[in-house]
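Q: What follows is a structure written as structure tokens; I'll ask about it next.
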């Protein structure tokens, strides 16, 4: 159990790192941020920021030397940086979870291997494998790069076979995976945590609505049956245990007539868990810090109904309105420019 | 209304500054801390820390140059520093509230002038005025230095006239005030806020229990009648308006058979308001930042019952136990040594 005064290193300086650092402060812990980009939002609320590329070995070493444990707020960190850091300090969650979540094919294979259902999928490397995949899965379906995709980027819909060449071109030569469309009535997500001692705790599943491929709202409780609620929690626990995971993990699930289908997993705190800041004594950020710091997991029991609304791009202009609203908690990320599609903040409304 | 990216200067780098800086981050605002002592807890979650005495004019100027507005987390800031800073940037809350709260006699005079009841009191400068004061107020009573007192320091009880010389000696020659004992059934406090636009908002009063002169627990709701609850809120509002106040103010009140008596006011966020972190969408720290940043006051409506417990000195050894407790939120301040009487953290338990 890391003692007050210990320091956590966070790879990535965006809003998730920012909120992790704030949560760490509640445990009496300090945070150092490693972020290639200047003006990292997490740097405003951290003891120290290292601004350097992931290829800067000397800076990586200096960063590691000042911290007791390393975690990350996004999964696309170069392997060489992780190899170096791992030789110096523990990285939590571990490398396997990272490797799996960096590659859609590894992820889907892993999920299927542990008995979980995913959308039908097939690997696509070129026109021939795409044709074979389409023959197997059919259209409509969706072609995605296996790596570096998020928030709807690196994806192309295939409504009929005629769309295949354009979709393949959109992958830019990268390895891809064809996923069958899933006929789902809702998307939910479970934010789950596993401690260093192997204890597992899950937050109440939230119901997600996306807009233009980006999460728009998460509402708790999700409108699902008690059966599905426990299925969702059991799925998350199976993933955590199979990965010998330490930290918080987000699991996105589709609700279908045949039960729950795993959409994807994220080995980190997750946008769909931001509601926990308003509805739980211990939020997802603190739960993650507790896990990686060897603390007992906290009580994430929900004591309020909450709707989380993302502020994307110029949604942030609505802040003066939200600032006056009842039971409304604003979280801005300290980003300078409200570019289209950029996550500028979120709002938790206690219902 | 300060825009995201603007910077708030906080005088004092203790736990209140720390939690103010965290709250400011939620508004997209950055904080710079000015603190004479090294290793300031607020520095762990701020963009910048200035470590220098309040007499360092050059450093005060550099601090002011980097911020848009200045606030403070404790009231005993040297006047010369405030004079210089005020010539450079707005200080909120204003100087009058500070002057009043720095001096018990000014404070009591002000409260009486605006029609509020305090304990009977008399100024004491020497043995003769103490004798006269005792003749007027009687024993038991309590002698307090007029300035620089907090958490039970600079105080001496007088149970009978025979205690007078020792009590006077305990003042160390400083100006003092004799206060009559108040026969109270409970102490409550109101955390109240006033915006730059003059709007007033109060949190639900909390009930305080002290131990060895230091706040031990605050519980909401306080066990008082609806009448007293509105009296408490009206008292706080009267103080805020009379001071043309901007920010959060803590008002400690005694519940007596004759109604509420004002014990003291603190022109800042207050230990007895820490429960708002668990029970309200907008906590006292954010409310203060909103006020001084010219934002609308937020909704401080309470949606949970909460008990706040201070962790004083080696109470902090109980953290592993609290870490496992139901509905329990830990806030540690990142202080290195658990000296007796030192506030190391607090725990909010949702009831």
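The backbone N, Cα and C atoms fix where each Cβ goes, and this holds for glycine too.
In case it's useful when we look at the structure, here is the feature table from TrEMBL:
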- A:104, A:144, A:149-155, A:179-182, A:187, A:210, A:263-264: ATP binding site (BINDING)
- A:108-293: domain 'ATP-grasp' (DOMAIN)
Q: Between 0 and 100, where does the mean pLDDT of the domain 'ATP-grasp' (A:108-293) sit?
A: 94
Q: According to DSSP, which kind of secondary structure is residue A:104 (ATP binding site) found in, if we only use helix, strand and coil?
A: helix
Q: With every protein chain in view, what's the tally of Cβ atoms within 10 Å of the Cβ of residue A:179 (ATP binding site), excluding that atom itself?
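A: The Cβ of residue A:179 (ATP binding site) has 22 Cβ neighbours within 10 Å.
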Q: Count the Cβ atoms, other than its own, that fall within 10 Å of the Cβ of residue A:263 (ATP binding site), considering every protein chain shown.
A: 19
Q: Which one of these binding-site residues has the most other Cβ atoms within 10 Å of its own Cβ: A:104, A:182?
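A: Sorting the candidates by Cβ neighbours within 10 Å, the top entry is A:104.
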